[in-house]
Amino acid sequence: MKPVKVGICGLGTVGGGTFNVLTRNAEEIARRAGRRIEVVAIASRHANPACATGEIPLQADVLALARDPEIDIIVELIGGYDTARELVMTAIEQGKHVVTANKALIAVHGNEIFAAAQKKNVVVAFEAAVAGGIPIIKAIREGLAANKINWLAGIINGTGNFIMTEMRDKGRAFAEVLAEAQALGYAEADPTFDVEGIDAAHKLTILASIAYGIPLQFSKAYTEGISKITPDDVQYAEELGYRIKHLGISRRTSAGIELRVHPTLIPASALLANVNGVMNAVVVSGDAVGQTLYYGPGAGAEPTASAVVADIVDVARMLGASADSRVPPLAFQSAELAETPVLPVEAVVSGYYLRLQAVERPGVLAHVTRILGEKGINISAIIQKETREAQVPVIMMTQRVEERMMNEAIREIEALPDILGEVIRIRVDHLAD
Ligand SMILES: NC(=O)C1=CN([C@@H]2O[C@H](COP(=O)(O)OP(=O)(O)OC[C@H]3O[C@@H](n4cnc5c(N)ncnc54)[C@H](O)[C@@H]3O)[C@@H](O)[C@H]2O)C=CC1
Ligand SMILES: N[C@@H](CC=O)C(=O)O
Ligand code: NA
């Protein structure tokens with residue numbers, strides 16, 4: 001069979017890893033794909049010293065590859081929204097299949113891209129876009145196709161998890177660990193995407209679409225980052241038997257779909273609580289299968305290349321197959337995507353960890369518990385540290401309550417004269433069905 005001809009756009013961390021894996025494992029890959037996969041062109045602003053590209057010239061113009069009639073598959077690894085969108089849309093227009101690791105692109109422009117791909121009868125594959133090397137898209141889209149998926153939750157940003165693990169276990173400073181994550185090639189071009197949860201929200205948007213069969217709706221995702229987590233909160237959470245993890249959570253409720261990324265207290269015994277460093281993990285709960293867990297490296301050159309190359313092999317295997325024999329990009333047939341609303345975060349029901357700074361005076365706690373009681377919020381645990389200071393930190397855990405009620409309670413608590421500053425709140429999840 002004729003070899004499949006691939007053009008790599010972007011020879012950075014993931015592009016370099018992809019080139020190297022395709023080259024090193026060429027024989028093994030050809031045995032799987034049923035034909036050889038040849039990189040015939042590379043376009044990138046920068047060369048990659050880790051890649052021996054030999055005779056293949058390094059071009060600057062990625063769009064030229066999208067128009068090159070010799071190329072069957074465009075591998076988009078430049079990142080970002082605008083040029084990447086133009087590149088992918090041009091490749092589709094030219095009748096080429098596309099493999100991308102770009103979650104920002106898929107989460108924001110995916111609906112338009114998949115519609116264009118369907119018209120031109122080409123595939124846009126994006127396994128590397130979520131949880132790096134973990135084959136989570138394939139698992140949900142194909143492996144769990146029998147199920148009504150009820151919820152999923154995961155650690156889906158390697159950089160953030162690496163930072164939180166290093167800070168907790170080794171007491172290292174945030175900025176220093178972030179710089180290391182950048183040097184290791186884990187971080188996004190703009191690392192605030194990692195730290196503020198935007199990257200995780202891109203990935204969660206994609207996971208929710210393929211889990212529930214809804215269009216991609218990134219603008220409705222609630223996003224909160226890790227930059228405000230303090231060592232005190234990490235310590236108090238541990239004392240209470242919990243661990244703080246930066247999670248993407250999406251649940252299907254009778255009112256709609258939750259789509260939220262935020263620091264979360266989870267039981268220290270939960271498997272997700274013990275996922276450390278750059279590792280990612282996603283729990284998916286389906287009505288037939290129950291809870292399933294997927295674990296592996298969420299970032300890095302070759303782990304991510306593993307997913308990119310698997311997509312290339314998938315495309316190579318189905319070249320020439322009829323369009324209706326392919327797996328739809330969002331798991332459900334495009335005409336069957338549902339209008340189920342994405343819920344605002346105020347409608348989410350969750351437990352809470354609260355930390356308040358109170359003046360050391362009799363009756364303060366009674367005021368706080370009265371406010372919570374009036375809103376129907378039950379307290380499940382409380383810690384008040386002994387101190388000689390005039391102020392004392394009070395830590396509370398509450399049972400599950402709708403977020404809008406908690407917002408009202410926090411506003412009233414903050415208005416009490418004996419409560420100083422902001423009430424710190426972190427959502428709690430027991431990851432239960
Ligand atoms: N680094 C990682 O661990 C992972 C990255 N991704 C995604 O993979 C994509 C690539 O990420 P990295 O390889 O980390 O980025 P990178 O910054 O290491 O590499 C990007 C490469 O593309 C080139 N480039 C960028 N814009 C270009 C343009 N307009 N024309 C020509 N060349 C251009 C740059 O010169 C650079 O060599 C991004 O979408 C990222 O979100 C996904 C999973 C993991
Ligand atoms: N910056 C991302 C890269 C993979 O998607 C991360 O750290 O997870
Ligand atoms: Na993946």
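Placement of Cβ uses the backbone N, Cα and C atoms for every residue, glycine included.
Annotation source TrEMBL lists active site, proton donor at Lys203. Look at TrEMBL and you will find Cys9, Gly10, Leu11, Gly12, Thr13, Val14, Gly15, Gly16 tagged as NADP(+) binding site. According to TrEMBL, the NADPH binding site annotation covers Lys103. If you look up TrEMBL, you'll see Glu188 marked as L-homoserine binding site. Residues or ranges marked as domain 'ACT' in TrEMBL: 353-427.
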*So which recorded positions out of Cys9, Thr13, Lys203 are up against ligand 2, CB under 6 A?*
none
*Could you check what DSSP calls Val14 (NADP(+) binding site) once collapsed to helix, strand or coil?*
helix
*the residue listed as 'NADPH binding site': nearby recorded positions from Gly10, Gly15, Lys203, Cα cut-off 10 Å*: Lys203
*asked:* On the three-state reduction of DSSP, what should I expect for the residue listed as 'L-homoserine binding site'?
replied: coil
*Starting from the Cβ centroid of Cys9, Gly10, Leu11, Gly12, Thr13, Val14, Gly15, Gly16, the recorded NADP(+) site, name every other residue in that chain with its Cβ within 8 Å, sequence order please.*
Ile8, Gly17, Thr18, Phe19, Ser44, Asn48, Leu77, Ile78
*Can you tell me how the residues of the domain 'ACT' (353-427) break down into helix, strand and coil by DSSP?*
24 helix, 34 strand, 17 coil
_Sparsest-packed of the listed binding-site residues (Cys9, Leu11, Val14) - C-beta count within 10 angstroms_ = Leu11
*Only counting partners 6 or more residues apart, tell me which same-chain residues put their Cβ under 8 Å from the Cβ of Thr13 (NADP(+) binding site).*
Gly185, Gly300, Ala301, Thr304
_Give me the CA-CA distance between Gly16 (NADP(+) binding site) and Glu188 (L-homoserine binding site), in Å, as a whole number._
16
_For a quick check of understanding: among the binding-site residues Gly10, Gly16, which residue's Cβ has the most other Cβ atoms within 10 Å?_
Gly10
*Per-residue pLDDT averaged over the domain 'ACT' (353-427) comes to what?*
95
_Distance check, please: Cα of Lys203 (active site, proton donor) against Cα of Leu11 (NADP(+) binding site), rounded to an integer number of angstrom._
22
*Sequence gap of 6 or more, C-beta under 8 Å: which same-chain residues meet both conditions with respect to Gly12 (NADP(+) binding site)?*
Ser44, His46, Asn48, Leu77, Ile78, Gly79, Gly185
*How big is the gap, in Å, between the Cα of Cys9 (NADP(+) binding site) and that of the residue listed as 'L-homoserine binding site', rounded to a whole number?*
17
